[in-house]
Amino acid sequence: MTPGALIALSIPSPSVSGFHIGPVTIHFYALCILAGIVVAYLIGGRRYRARGGRQEDFETVTIWAVVGGIIGARIYHVITDHELYFGPGRTWYHMFFIWQGGLGIWGSIAGGALAVWLVCRSKDLRFCDLADSLAPGILLAQGIGRLGNWFNQELFGRPTTLPWGLEIAPQHRPLGYLQYATFHPTFLYELIWNVAGACFLLWADRHWRLGRGKLFALYVVTYTFGRFWVERLRIDPANHVGGWRINSYTSLLVFAAGLVLLIWMLRNKPGQTPPGTPEKVPAAEEQDSDADEDRDDDPKDVGDAGTEG
């Protein structure tokens, strides 16, 4: 098949990546991230309220999660691409110029999770309940954010002759690939995976009644499994160790950690507890329960009393 025929069958890339309002440039990449945040907020808020949580608590957590996520994303980018900011001919303080681009999703997840945990500690909220409420929306938001890579013609995969190959303009092709016109649309692969994963999380939460952090652990496993394979397709410049991109190792390690955590939770933390339920049974209720057990030695009744819904 001729290159012209391949381009005719391929997915076109946008010719513009933003627009201007006076002296201000609005990037579609930023709008995609913002749209993802809004979607995660709406889905997460509805799920948290359905679990008995308060909207004002969720709003506070969301604000700090966004702040922590942006800071974490930038820190991860600077660490993994430090040569862009440090060394001969580089300007180190440009690492603070976040508007010039450069965010790492792994840092965003870590920074956002840390911010949520700190807010939960300060407001005496359940971190696991908030994490479970947010998980499906976060995964969907990550998929929406990938549309920004499409507008920027970046982070695509190896050359391909498949009919859904992504057409990339010559000025956006990396060195060594200038002769190729169509590439794997990794943004689309991850978008489809994340949307399907978000639907799976919603289904799993409804049918399996996951809770106490198990749904968030399942989110981690779901996202990292797909991200690992997408990462193996990408050809954009990145630091490598042993022939693998650093993000490939990160995906694999986080997947393993999430899987171990999920298995441990399934074995040791059964059931689902609404956000309004206290962590411990009040002492008066414990005494009443002990008195009831003393009056009734039937093993069957004792076993039923310990079952969680």
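Every residue, even glycine, has its Cβ placed from backbone N, Cα and C.
A quick note: this is a predicted structure, and the numbers were derived from the prediction, not measured.
Listed features, source TrEMBL:
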COMPBIAS  285-296  compositional bias 'Acidic residues'
REGION    273-309  region 'Disordered'
TRANSMEM  28-45  transmembrane segment
TRANSMEM  57-76  transmembrane segment
TRANSMEM  96-120  transmembrane segment
TRANSMEM  187-204  transmembrane segment
TRANSMEM  216-234  transmembrane segment
TRANSMEM  246-266  transmembrane segment
Intrachain residues whose Cβ lies under 8 Å of the transmembrane segment (246-266), provided they are six or more past its termini: 80, 106, 212-214, 217-218, 220-221, 224-225, 227-228, 231-232, 238-240
For the transmembrane segment (216-234): best-contacting stretch of 57-76, 96-120, 187-204, by Cβ pairs under 8 Å: 187-204
